[in-house]
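K.L.:
Here's the feature list from Swiss-Prot:
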TRANSIT   1-35  transit peptide
BINDING   Gly119, Pro120, Glu121, Ala122, Ser123, Gly124, Lys125, Thr126  ATP binding site
REGION    385-415  region 'Disordered'
Amino acid sequence: MARILRNVYSLRSSLFSSELLRRSVVGTSFQLRGFAAKAKKKSKSDGNGSSEEGMSKKEIALQQALDQITSSFGKGSIMYLGRAVSPRNVPVFSTGSFALDVALGVGGLPKGRVVEIYGPEASGKTTLALHVIAEAQKQGGTCVFVDAEHALDSSLAKAIGVNTENLLLSQPDCGEQALSLVDTLIRSGSVDVIVVDSVAALVPKGELEGEMGDAHMAMQARLMSQALRKLSHSLSLSQTLLIFINQVRSKLSTFGGFGGPTEVTCGGNALKFYASMRLNIKRIGLIKKGEETTGSQVSVKIVKNKLAPPFRTAQFELEFGKGICKITEIIDLSIKHKFIAKNGTFYNLNGKNYHGKEALKRFLKQNESDQEELMKKLQDKLIADEAADKETESESEEEDSLRVVVSPDNTDDESPALVVGAAAVVVEAA
């Protein structure tokens, strides 16, 4: 009898165990189905528009990974390249020079990027930067000028058009202080343009505290490299345009032999890599009225451009104490595109003759409507020319073309350049 009872008890135990196993398997399968349904439902709600049948396991896994990255690091931390902002549509600030804006390819200097303006002394670097500040202030922007050289001329800034009452000025004691306050301003998200004048004047604190004549090997280069790593991250989260003004030095040793660069910029190589645009500005001539020198002819070469084709050059006039002469730019470009007819010393505009360039400049200064009309014609002409160039390029790609290799000349990072200005388009070579 006891034997029979033991057999009955073991049979009941085995039946109970099998029932538990069946329930756990069924529960697990329902749980897995629920997870899959949630993943598909979530991917639908995110706007993918894919049906459950149309999404493979790989696509579901990718969507789950993207959702996890977005929830962990925020919106925009990962995206499809084709859905991002086009480089040609980035917001910009005008440089104050119509010819230079055209040469840059995007209409000005881009927000949220690093731009380097470098060149020899008295070439117009600070003047160009002040024009950018003036244009940004016209759009209601907040601007900061970090005067590391302690040499900003407020009267020149006013003459250019800068609202000095609303311009923030900092004259830091050392390079670390200057770059630290720049980073703080960028992170605030409330500043539109910051100009640092200049990289050569960003003296490291260790050099200031040392003795005269002490060797400080690559101290400034290390400072710039470390600072730019932080600043590039801060800029990626803001819409601040950061302009570094830089000087050039003679390069004494050239390991590349003859034909290598004879000039080099200050602060090491970090700025060259982090800058989205590098503008090399030079004085190429003087402007005289009789015996008096009233200004200089300036050439700006776009050595680096991440947003448009580089190696173009713009030429314009700088009037001493006034800045860029915009009317001269308009006249020169209008002659080039045949909106103004020139015959000797006479200029014909809308059927009226003007004897000499100065007479035409005076007329345009007094009649802003005619000046704006010429600007509108030039803009429409340049847009039409750009569209025609794109069609020509697409047609020429189908045909064999001759490639010409031109060696650069003996200046820092220079290459063949397209001139945008009064003169026709030319190619500069060694």
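Any Cβ shown, glycine's included, is placed from N, Cα and C.
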K.L.:
Could you tally the C-beta atoms, other than its own, that fall within 10 angstroms of the C-beta of Pro120 (ATP binding site)?
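P.N.:
That number is 13.
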K.L.:
Near the Cβ of Glu121 (ATP binding site), how many other Cβ atoms are there if near means within 10 Å?
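P.N.:
Its Cβ has 8 other Cβ atoms within 10 Å.
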K.L.:
For the ATP site (Gly119, Pro120, Glu121, Ala122, Ser123, Gly124, Lys125, Thr126), what does the 8 A shell look like? I mean other same-chain residues with CB within 8 A of the CB centroid.
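P.N.:
Sorted by sequence, the hits are Ile281, Arg283.
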K.L.:
At a 10 Å cut-off from the C-beta of Lys125 (ATP binding site), count the other C-beta atoms across all protein chains.
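P.N.:
Other Cβ atoms found within 10 Å: 22.
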K.L.:
Can you see whether DSSP assigns Ala122 (ATP binding site) to helix, strand or coil?
P.N.:
coil
